[in-house]
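A short write-up of the structure that comes next.
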Amino acid sequence: MMRILLFLATNLAVVLIASITLSLFGFNGFMAANGVDLNLNQLLVFCAVFGFAGSLFSLFISKWMAKMSTGTQIISQPRTRHEQWLLQTVEQLSRDAGIKMPEVGIFPAYEANAFATGWNKNDALVAVSQGLLERFSPDEVKAVLAHEIGHVANGDMVTLALVQGVVNTFVMFFARIIGNFVDKVIFKTENGQGIAYYITTIFAELVLGFLASAIVMWFSRKREFRADDAGARLAGTGAMIGALQRLRSEQGVPVNMPDSLTAFGINAGLKKGLAGLFMSHPPLEQRIEALRRRG
(Lines of atoms letter the chains of each structure in order from A and count residues from 1; the text may use other names and numbers.)
(Lines give C-alpha, C1' and ligand atoms only; values in the text may rest on other atoms or scores of the structure.)
Protein backbone atom coordinates (compact mmCIF):
# COMPACT_ATOMS: atom_id res chain seq x y z
CA MET A 1 0.00 0.00 0.00
CA MET A 2 2.85 2.41 0.81
CA ARG A 3 4.28 1.81 -2.69
CA ILE A 4 0.94 2.79 -4.22
CA LEU A 5 0.64 5.94 -2.09
CA LEU A 6 4.20 7.05 -2.84
CA PHE A 7 3.81 6.39 -6.55
CA LEU A 8 0.47 8.19 -6.68
CA ALA A 9 2.03 11.16 -4.88
CA THR A 10 4.84 11.18 -7.44
CA ASN A 11 2.40 11.07 -10.32
CA LEU A 12 0.26 13.84 -8.84
CA ALA A 13 3.45 15.90 -8.74
CA VAL A 14 4.02 15.06 -12.43
CA VAL A 15 0.48 16.21 -13.26
CA LEU A 16 1.02 19.43 -11.27
CA ILE A 17 4.34 20.12 -13.01
CA ALA A 18 2.73 19.46 -16.40
CA SER A 19 -0.05 21.92 -15.56
CA ILE A 20 2.43 24.61 -14.47
CA THR A 21 4.60 24.02 -17.55
CA LEU A 22 1.63 24.43 -19.91
CA SER A 23 0.70 27.68 -18.15
CA LEU A 24 4.27 29.05 -18.27
CA PHE A 25 4.52 28.37 -21.99
CA GLY A 26 1.22 30.13 -22.59
CA PHE A 27 -0.56 27.08 -23.95
CA ASN A 28 -3.89 28.24 -22.49
CA GLY A 29 -3.48 31.58 -24.26
CA PHE A 30 -2.59 29.88 -27.54
CA MET A 31 -5.71 27.73 -27.39
CA ALA A 32 -7.92 30.70 -26.46
CA ALA A 33 -6.45 32.80 -29.30
CA ASN A 34 -7.50 30.08 -31.72
CA GLY A 35 -11.04 29.95 -30.41
CA VAL A 36 -10.60 26.91 -28.16
CA ASP A 37 -12.09 27.63 -24.74
CA LEU A 38 -10.63 24.80 -22.69
CA ASN A 39 -9.60 24.68 -19.02
CA LEU A 40 -6.44 22.59 -19.24
CA ASN A 41 -6.07 22.19 -15.49
CA GLN A 42 -9.55 20.71 -15.12
CA LEU A 43 -9.00 18.52 -18.17
CA LEU A 44 -5.71 17.22 -16.77
CA VAL A 45 -7.31 16.32 -13.43
CA PHE A 46 -10.24 14.64 -15.21
CA CYS A 47 -7.89 12.55 -17.35
CA ALA A 48 -5.75 11.62 -14.34
CA VAL A 49 -8.78 10.37 -12.40
CA PHE A 50 -10.04 8.21 -15.24
CA GLY A 51 -6.58 7.20 -16.45
CA PHE A 52 -5.57 5.84 -13.05
CA ALA A 53 -9.00 4.42 -12.20
CA GLY A 54 -8.94 1.93 -15.06
CA SER A 55 -5.36 0.90 -14.41
CA LEU A 56 -5.80 0.44 -10.66
CA PHE A 57 -9.11 -1.39 -11.07
CA SER A 58 -7.37 -3.87 -13.39
CA LEU A 59 -4.64 -4.31 -10.78
CA PHE A 60 -7.07 -5.03 -7.94
CA ILE A 61 -8.92 -7.72 -9.91
CA SER A 62 -5.76 -9.13 -11.52
CA LYS A 63 -5.66 -12.34 -9.47
CA TRP A 64 -9.29 -13.15 -10.20
CA MET A 65 -8.87 -12.36 -13.90
CA ALA A 66 -5.71 -14.47 -14.13
CA LYS A 67 -7.41 -17.49 -12.62
CA MET A 68 -10.43 -17.12 -14.91
CA SER A 69 -8.53 -16.47 -18.14
CA THR A 70 -5.94 -19.24 -17.74
CA GLY A 71 -7.97 -21.85 -15.91
CA THR A 72 -5.44 -21.86 -13.08
CA GLN A 73 -6.14 -24.41 -10.36
CA ILE A 74 -4.96 -23.24 -6.94
CA ILE A 75 -3.11 -25.83 -4.87
CA SER A 76 -4.64 -25.63 -1.42
CA GLN A 77 -3.99 -29.25 -0.46
CA PRO A 78 -1.25 -30.99 -2.51
CA ARG A 79 -2.44 -34.24 -4.09
CA THR A 80 0.84 -35.40 -5.60
CA ARG A 81 4.51 -35.22 -4.67
CA HIS A 82 5.02 -32.74 -7.54
CA GLU A 83 2.44 -30.39 -6.05
CA GLN A 84 3.99 -30.84 -2.61
CA TRP A 85 7.42 -29.97 -4.02
CA LEU A 86 5.96 -26.94 -5.80
CA LEU A 87 4.43 -25.57 -2.60
CA GLN A 88 7.57 -26.19 -0.56
CA THR A 89 9.76 -24.53 -3.19
CA VAL A 90 7.57 -21.41 -3.42
CA GLU A 91 7.42 -21.22 0.37
CA GLN A 92 11.22 -21.35 0.62
CA LEU A 93 11.74 -18.77 -2.13
CA SER A 94 9.15 -16.43 -0.60
CA ARG A 95 10.82 -16.67 2.78
CA ASP A 96 14.22 -15.92 1.23
CA ALA A 97 12.73 -12.93 -0.63
CA GLY A 98 11.11 -11.57 2.53
CA ILE A 99 7.48 -11.76 1.39
CA LYS A 100 4.43 -13.73 2.45
CA MET A 101 3.87 -16.93 0.54
CA PRO A 102 1.63 -16.26 -2.48
CA GLU A 103 -1.12 -18.52 -3.74
CA VAL A 104 0.34 -21.24 -5.95
CA GLY A 105 -1.42 -22.69 -8.98
CA ILE A 106 -1.03 -24.73 -12.14
CA PHE A 107 -2.67 -23.78 -15.43
CA PRO A 108 -3.37 -26.20 -18.32
CA ALA A 109 -1.05 -25.23 -21.18
CA TYR A 110 1.48 -27.16 -23.25
CA GLU A 111 3.77 -24.14 -23.54
CA ALA A 112 6.45 -23.67 -20.88
CA ASN A 113 5.39 -20.54 -19.02
CA ALA A 114 4.66 -19.06 -15.62
CA PHE A 115 3.28 -15.79 -14.29
CA ALA A 116 2.89 -13.76 -11.12
CA THR A 117 0.16 -11.25 -10.40
CA GLY A 118 -1.65 -9.53 -7.55
CA TRP A 119 -2.13 -6.02 -6.20
CA ASN A 120 0.16 -6.51 -3.21
CA LYS A 121 3.44 -8.35 -2.77
CA ASN A 122 1.99 -10.04 0.31
CA ASP A 123 -1.22 -11.04 -1.50
CA ALA A 124 0.00 -12.41 -4.81
CA LEU A 125 -0.45 -15.42 -7.09
CA VAL A 126 2.30 -17.45 -8.76
CA ALA A 127 1.29 -20.05 -11.34
CA VAL A 128 3.15 -22.37 -13.69
CA SER A 129 2.00 -24.21 -16.80
CA GLN A 130 1.57 -27.96 -16.92
CA GLY A 131 4.01 -28.05 -19.83
CA LEU A 132 6.75 -26.36 -17.81
CA LEU A 133 6.35 -28.83 -14.94
CA GLU A 134 6.46 -31.80 -17.30
CA ARG A 135 9.48 -30.84 -19.41
CA PHE A 136 11.74 -28.73 -17.18
CA SER A 137 14.13 -30.10 -14.58
CA PRO A 138 13.50 -29.30 -10.88
CA ASP A 139 16.37 -26.77 -10.89
CA GLU A 140 14.95 -25.05 -13.98
CA VAL A 141 11.44 -24.93 -12.50
CA LYS A 142 12.86 -23.50 -9.27
CA ALA A 143 14.67 -20.78 -11.25
CA VAL A 144 11.45 -19.88 -13.09
CA LEU A 145 9.61 -19.69 -9.77
CA ALA A 146 12.41 -17.53 -8.34
CA HIS A 147 12.03 -15.16 -11.31
CA GLU A 148 8.30 -14.82 -10.61
CA ILE A 149 8.89 -14.36 -6.88
CA GLY A 150 11.35 -11.63 -7.89
CA HIS A 151 8.53 -9.83 -9.73
CA VAL A 152 6.37 -10.04 -6.61
CA ALA A 153 9.11 -8.91 -4.21
CA ASN A 154 10.01 -5.98 -6.50
CA GLY A 155 6.38 -4.83 -6.60
CA ASP A 156 6.43 -4.95 -10.39
CA MET A 157 2.70 -5.49 -10.84
CA VAL A 158 1.88 -2.34 -8.88
CA THR A 159 4.55 -0.23 -10.55
CA LEU A 160 3.59 -1.33 -14.06
CA ALA A 161 -0.08 -0.56 -13.35
CA LEU A 162 0.82 2.93 -12.15
CA VAL A 163 3.07 3.57 -15.15
CA GLN A 164 0.12 2.55 -17.31
CA GLY A 165 -2.01 5.02 -15.35
CA VAL A 166 0.38 7.88 -16.18
CA VAL A 167 0.37 6.89 -19.85
CA ASN A 168 -3.44 6.67 -19.89
CA THR A 169 -3.66 10.15 -18.35
CA PHE A 170 -1.55 11.87 -20.98
CA VAL A 171 -3.03 9.92 -23.90
CA MET A 172 -6.53 11.04 -22.85
CA PHE A 173 -5.31 14.59 -22.20
CA PHE A 174 -3.59 15.21 -25.53
CA ALA A 175 -6.25 13.34 -27.51
CA ARG A 176 -8.89 15.74 -26.16
CA ILE A 177 -6.74 18.78 -26.87
CA ILE A 178 -6.28 17.60 -30.46
CA GLY A 179 -10.01 16.85 -30.74
CA ASN A 180 -10.97 20.32 -29.49
CA PHE A 181 -8.43 22.03 -31.75
CA VAL A 182 -9.66 20.23 -34.88
CA ASP A 183 -13.30 20.81 -33.96
CA LYS A 184 -12.98 24.53 -33.16
CA VAL A 185 -10.18 25.70 -35.48
CA ILE A 186 -10.62 23.54 -38.57
CA PHE A 187 -14.34 22.76 -38.52
CA LYS A 188 -15.29 26.06 -36.83
CA THR A 189 -17.78 24.55 -34.40
CA GLU A 190 -19.05 27.43 -32.26
CA ASN A 191 -21.44 25.88 -29.74
CA GLY A 192 -20.55 22.79 -27.76
CA GLN A 193 -18.60 19.99 -29.38
CA GLY A 194 -19.28 18.79 -32.89
CA ILE A 195 -18.93 15.35 -34.43
CA ALA A 196 -15.38 16.25 -35.51
CA TYR A 197 -14.34 16.43 -31.84
CA TYR A 198 -15.52 12.91 -31.07
CA ILE A 199 -14.12 11.33 -34.23
CA THR A 200 -10.76 13.10 -33.86
CA THR A 201 -10.50 12.31 -30.14
CA ILE A 202 -11.16 8.60 -30.68
CA PHE A 203 -8.67 8.43 -33.54
CA ALA A 204 -6.04 10.37 -31.56
CA GLU A 205 -6.51 8.09 -28.54
CA LEU A 206 -5.93 5.03 -30.72
CA VAL A 207 -2.78 6.46 -32.33
CA LEU A 208 -1.32 7.98 -29.15
CA GLY A 209 -2.22 4.87 -27.15
CA PHE A 210 -0.41 2.67 -29.65
CA LEU A 211 2.70 4.86 -29.57
CA ALA A 212 2.60 5.23 -25.78
CA SER A 213 2.45 1.45 -25.33
CA ALA A 214 6.09 1.40 -26.48
CA ILE A 215 6.96 3.36 -23.31
CA VAL A 216 5.13 0.86 -21.10
CA MET A 217 6.80 -2.07 -22.87
CA TRP A 218 10.23 -0.45 -22.49
CA PHE A 219 9.66 -0.29 -18.76
CA SER A 220 8.41 -3.89 -18.77
CA ARG A 221 11.60 -5.08 -20.48
CA LYS A 222 13.75 -3.34 -17.86
CA ARG A 223 11.64 -5.02 -15.20
CA GLU A 224 12.43 -8.46 -16.66
CA PHE A 225 16.17 -7.97 -16.18
CA ARG A 226 15.56 -7.14 -12.52
CA ALA A 227 13.40 -10.24 -12.07
CA ASP A 228 16.10 -12.38 -13.72
CA ASP A 229 18.63 -10.91 -11.31
CA ALA A 230 16.33 -11.73 -8.38
CA GLY A 231 15.90 -15.24 -9.74
CA ALA A 232 19.67 -15.66 -9.92
CA ARG A 233 20.05 -14.52 -6.31
CA LEU A 234 17.34 -16.87 -5.06
CA ALA A 235 17.99 -19.97 -7.18
CA GLY A 236 21.54 -19.49 -8.46
CA THR A 237 22.88 -17.83 -11.60
CA GLY A 238 23.57 -21.16 -13.31
CA ALA A 239 20.03 -22.39 -12.74
CA MET A 240 18.53 -19.11 -13.99
CA ILE A 241 20.65 -19.22 -17.15
CA GLY A 242 19.72 -22.87 -17.64
CA ALA A 243 16.01 -22.07 -17.38
CA LEU A 244 16.28 -19.26 -19.95
CA GLN A 245 18.28 -21.50 -22.29
CA ARG A 246 15.58 -24.13 -21.99
CA LEU A 247 12.95 -21.52 -22.79
CA ARG A 248 14.98 -20.51 -25.84
CA SER A 249 14.98 -24.12 -27.06
CA GLU A 250 11.16 -24.06 -26.93
CA GLN A 251 10.63 -20.86 -28.92
CA GLY A 252 8.84 -22.84 -31.63
CA VAL A 253 6.01 -23.64 -29.21
CA PRO A 254 3.18 -21.07 -29.61
CA VAL A 255 2.64 -18.80 -26.59
CA ASN A 256 -1.07 -18.65 -25.78
CA MET A 257 -0.93 -16.53 -22.62
CA PRO A 258 -3.83 -14.03 -22.43
CA ASP A 259 -2.78 -10.50 -23.44
CA SER A 260 -3.51 -9.19 -19.95
CA LEU A 261 -0.90 -11.56 -18.50
CA THR A 262 1.79 -11.50 -21.20
CA ALA A 263 3.84 -8.88 -19.37
CA PHE A 264 3.80 -11.02 -16.22
CA GLY A 265 4.83 -14.32 -17.84
CA ILE A 266 8.43 -15.48 -18.07
CA ASN A 267 8.05 -16.32 -21.76
CA ALA A 268 6.33 -13.86 -24.12
CA GLY A 269 7.33 -15.19 -27.52
CA LEU A 270 9.58 -13.47 -30.05
CA LYS A 271 9.19 -10.38 -32.24
CA LYS A 272 11.74 -8.81 -34.58
CA GLY A 273 12.45 -5.37 -36.02
CA LEU A 274 10.26 -2.46 -34.98
CA ALA A 275 7.81 -4.93 -33.43
CA GLY A 276 10.48 -5.50 -30.79
CA LEU A 277 9.68 -2.03 -29.40
CA PHE A 278 6.31 -3.39 -28.33
CA MET A 279 7.61 -6.56 -26.67
CA SER A 280 7.03 -6.94 -22.94
CA HIS A 281 10.17 -9.09 -22.61
CA PRO A 282 13.73 -8.61 -23.92
CA PRO A 283 15.12 -11.29 -26.26
CA LEU A 284 16.24 -14.35 -24.31
CA GLU A 285 19.78 -13.93 -25.67
CA GLN A 286 20.05 -10.51 -24.03
CA ARG A 287 18.71 -11.84 -20.74
CA ILE A 288 21.16 -14.75 -20.75
CA GLU A 289 24.07 -12.44 -21.59
CA ALA A 290 23.11 -10.08 -18.75
CA LEU A 291 23.18 -12.98 -16.29
CA ARG A 292 26.56 -14.15 -17.59
CA ARG A 293 27.98 -10.67 -17.05
CA ARG A 294 26.56 -10.79 -13.55
CA GLY A 295 28.80 -13.79 -12.84
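Glycine too: its Cβ is placed from the backbone N, Cα and C atoms.
What you see is a predicted model, and the numbers here were worked out from it, not measured in a lab.
Among the candidates E83, E91, E224, E250, the residue that Swiss-Prot names alongside H147, H151 for the Zn(2+) site is E224. Calculated from their C-alpha atoms, the gap between E148 (active site) and E224 (Zn(2+) binding site) amounts to 10 Å. Comparing Cβ neighbour counts within 10 Å across the recorded positions E148, E224, the minimum falls on E224.
In this view, H147 (Zn(2+) binding site) is surrounded by 27 other Cβ atoms within 10 Å of its Cβ, with every protein chain counted.
For H151 (Zn(2+) binding site), the count of additional Cβ atoms within 10 Å of its Cβ stands at 28 [all protein chains shown].
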